[in-house]
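These features come from TrEMBL:
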- 328-335, 374-378, 428-431: GTP binding site (BINDING)
- 53-73: compositional bias 'Polar residues' (COMPBIAS)
- 99-141: compositional bias 'Low complexity' (COMPBIAS)
- 148-158: compositional bias 'Low complexity' (COMPBIAS)
- 165-175: compositional bias 'Low complexity' (COMPBIAS)
- 182-213: compositional bias 'Low complexity' (COMPBIAS)
- 319-488: domain 'Tr-type G' (DOMAIN)
- 43-233: region 'Disordered' (REGION)
- 322-470: region 'G-domain' (REGION)
Amino acid sequence: MTKIRVHEYAKQVNRTSKEVIDELGKMNVKVSNHMSMLDKDAKDKLDKHFSKGGSTPPNTAKQGQKPSSNGARPSQERNKQDDRPRQGQQRQGQGGAQGNRSAQGQQRQGQGSQGNRSAQGQPRQGQGSQGNRSAQGQPRQGQGGAQGNRSTQGQQRQGQGGAQGNRSTQGQQRQGQGGTQGNRSAQGQPRQGQGAQGGNRPAGRGGRPPARGINQGRRRHRPAPMPKVEKPLPEKITFYESLSVGELANKLGREPSEIIKKLFMLGVMATINQELDKDAIELICADYEVEVEEEIRIDVTDLEIYFEDSEEVEAELTERPPVVTIMGHVDHGKTTLLDSIRDTKVTQGEAGGITQHIGAYQIEVEGKKITFLDTPGHAAFTTMRARGAKVTDITILVVAADDGVMPQTIEAINHAKAAEVPIIVAVNKMDKPSANPDRVMQELTEHGLLSEAWGGDTIFVPISALKGEGIDHLLEMVLLVSEVAELKASKNIRAKGTVIEAQLDRGRGSVATLLVQDGTLRVGDPIVVGTTFGKVRAMINDLGRRVKEAGPSTPVEITGLNEVPQAGDRFVVFEDEKTARQIGESRAGDALQEQRVEKTRVTLDNLFDQMKQGEMKELNLIVKADVQGTVEAMAASLMKIEVEGVNVKIIHTGAGAINESDISLAAASNAIVIGFNVRPDVNAKRAAEEEGVDIRLHRVIYKVIEEIEFAMKGLLDPEFEEKVIGQAEVRETFKVSKIGTIAGSYVTEGKLTRDAGVRVLRDNIVIFEGELDTLKRFKDDVKEVSKGYECGITVKNFNDIKEGDIFEAFVMEEVKRS
Ligand SMILES: Nc1nc2c(ncn2[C@@H]2O[C@H](COP(=O)(O)OP(=O)(O)OP(=O)(O)O)[C@@H](O)[C@H]2O)c(=O)[nH]1
């Protein structure tokens with residue numbers, strides 16, 4: 001072995017050269033200074049000394065540095081390793097008094113050959129294994145021979161374990177370490193070892209101060225808590241819609257627990273993921289004296305925003321024609337008035353012009369234009385009228401002088417009022433002898449329309465739409481009201497407006513009548529209309545003429561959209577086709593999503609509402625019954641139901657259980673399924689739930705008729721509804737003389753309760769309906785039996801129960817109508 005200088009040795013044992021020189025002095029080995037060479041004898045002595053209890057390295061910093069210095073000087077490293085086996089041998093010789101020296105030995109070894117972390121782990125292991133020192137010594141001897149190679153070390157240790165009873169685990173751990181040096185998981189293992197051998201520790205430590213290995217390890221694993229430096233609070237935070245507690249804490253640079261505590265103090269129990277609303281966020285921020293600002297994000301796909309934030313400059317605004325809607329009760333003369341105005345005014349200025357029905361038209365009176373919305377057909381009337389009021393500047397309320405105020409007159413008034421649209425009352429049919437305009441005026445005062453003649457501010461114009469009398473005066477009044485309203489728009493911006501009508505034309509594709517409300521619409525404009533988009537391919541006006549552009553308040557029919565939009569949809573022109581496409585596609589996607597969510601099928605509960613809204617003209621029914629005769633009788637009775645405004649249409653009938661195909665037919669044609677003495681089978685039930693198809697099950701014909709009739713009249717009793725709570729299958733039957741037939745049954749769905757009604761089904765046909773008599777579990781009467789349990793059932797007044805029958809339990813539940 002090569003000789004070693006004092007300072008080199010000192011470094012090896014983590015001592016200062018002075019300490020080594022002092023120690024040599026005590027051993028009577030003379031050295032002159034730190035550069036002096038140590039002979040083998042002196043070194044062995046030193047080894048003996050420094051590997052003793054007090055020789056653990058003086059500070060961790062040095063320890064930590066070692067691996068790197070070793071790395072820098074590989075030859076030294078090798079030297080050290082060569083030395084170590086001897087250390088081990090010596091220790092063996094030192095016997096029982098050496099405390100945890102073996103651990104040290106290992107520690108150093110670890111330091112010498114492993115990264116910091118693994119080295120930390122090992123000391124603990126060492127401590128853990130102190131129980132049997134003499135045994136420890138052995139493996140180290142072995143180690144001495146083979147230490148150059150780490151994996152060999154590991155094996156040796158394993159061998160050690162095998163030979164030493166409970167150390168085997170340690171040995172394996174070490175092996176693990178050998179293979180995964182520097183890896184944290186390996187660090188974790190030693191702790192186990194430590195824990196398991198706690199009992200040995202005091203003896204092993206020999207009363208020394210707590211082994212550094214332990215402390216070091218702990219420190220590394222759980223770093224001493226740093227003095228908490230609170231982040232400075234931000235001056236201001238921003239949020240969009242809401243923030244979770246965690247997000248708010250993050251924005252404020254505070255611990256979520258602190259925010260939770262504050263919320264708790266404010267009486268709000270919150271968790272870290274809980275969303276906080278604006279108020280809560282403001283409250284917390286006020287507590288920290290931090291300013292809060294809510295971000296407003298503009299959704300470019302929302303067409304309404306283009307209507308709100310107008311780019312118009314005051315100076316650019318010019319007068320625009322008023323848009324007039326004619327409203328009134330059925331048969332009071334709306335169409336006649338519209339026709340009368342169009343016939344007299346449109347053709348006058350445009351000789352030979354063929355008026356085109358595009359849902360709106362423009363006329364000219366005294367050089368000024370007026371746009372009329374020609375609300376189409378009665379079915380679409382309600383929707384258009386509701387929407388129509390939004391695009392309307394003035395409403396002409398037609399009231400027949402011989403009929404007076406009727407329900408739709410009042411509805412029209414309410415729509416106009418809601419939209420804050422001025423009303424001009426046209427008292428029509430003045431030519432009729434029975435005309436009584438005073439009565440109309442009188443009745444309208446009750447609805448807030450007081451005539452000018454009576455001191456109010458509502459203009460009443462007596463007319464005869466049929467004879468064309470009073471029309472000019474009416475139009476003059478329209479211009480007057482329009483002037484007062486100061487209707488303005490800009491011609492120089494990109495057009496925006498509303499769809500009046502739209503349909504699919506065989507030759508031209510999607511055709512939409514648009515009312516330009518602001519700006520100018522031009523051929524070639526990239527446009528988004530509702531959820532559709534495209535480029536204006538061609539435009540024709542109400543006279544059927546091709547036009548290149550259309551200014552404010554002009555109705556035009558356009559082609560070029562990818563789909564057919566809906567009446568009442570908004571349209572906006574965009575700067576380029578790409579944007580229009582993007583926005584249109586995104587809107588179409590959103591609409592589809594929404595549609596999926598609110599798939600509203602006809603149910604008897606909403607039937608009346610749908611009829612009222614003019615959405616339904618026909619009530620489609622599918623009738624299923626137990627026998628064909630009943631089917632026919634039922635169908636005939638249902639066809640006889642007469643309710644104004646709606647026809648009953650039976651689209652399918654059949655004998656037998658309600659099956660899946662009945663449900664898909666019902667779903668496709670928006671029909672209600674009526675089951676008479678029959679039930680839906682499993683698939684049909686599932687499909688009906690998925691599709692939202694209403695199935696009505698009955699046993700008495702007149703009840704079916706009554707229910708449908710009542711629903712059509714809006715009288716469906718809202719109070720109670722039958723709810724099936726469970727099903728049981730008859731597995732076995734027992735005939736008991738005094739009791740009757742007891743059905744040994746198994747509850748397959750929900751539960752059966754003692755007080756529930758029960759139906760007996762055989763092959764999905766109802767064979768009996770009544771009450772439960774007894775419900776037993778083994779010998780005890782029970783109140784209910786849940787799914788998965790067996791029970792004994794008897795049915796009041798019914799003993800013809802057979803294996804395979806199904807009991808359907810139901811209760812009557814009060815339902816709240818939405
Ligand atoms: N005598 C007379 N009859 C009129 C007058 N105006 C309309 N009528 C008649 O009243 C009936 C109904 O007129 P419409 O114009 O269809 O009434 P409406 O309000 O459009 O009716 P709906 O489209 O069903 O809502 C028709 O037979 C018209 O000829 C009028 O000024 N005098």
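For all residues, glycine too, the Cβ spot is worked out from N, Cα and C.
Listed binding-site residues: Asp331, Lys334, Met430. Those with a CB atom under 6 Å from ligand 1: Asp331, Lys334.
Same-chain residues at least 6 positions away in sequence with a Cβ under 8 Å from that of Gly328 (GTP binding site) are, in sequence order, Lys334, Leu397, Val398, Val399, Ala400, Gln408, Thr409, Ala412, Asn428.
Using a 10 Å Cβ-Cβ cutoff, Asp331 (GTP binding site) registers 14 neighbours.
Classification of Lys334 (GTP binding site) by DSSP places it within a helix.
Among the listed binding-site residues, namely Lys334, Met430, the Cβ with the most fellow Cβ atoms inside 10 Å is that of Lys334.
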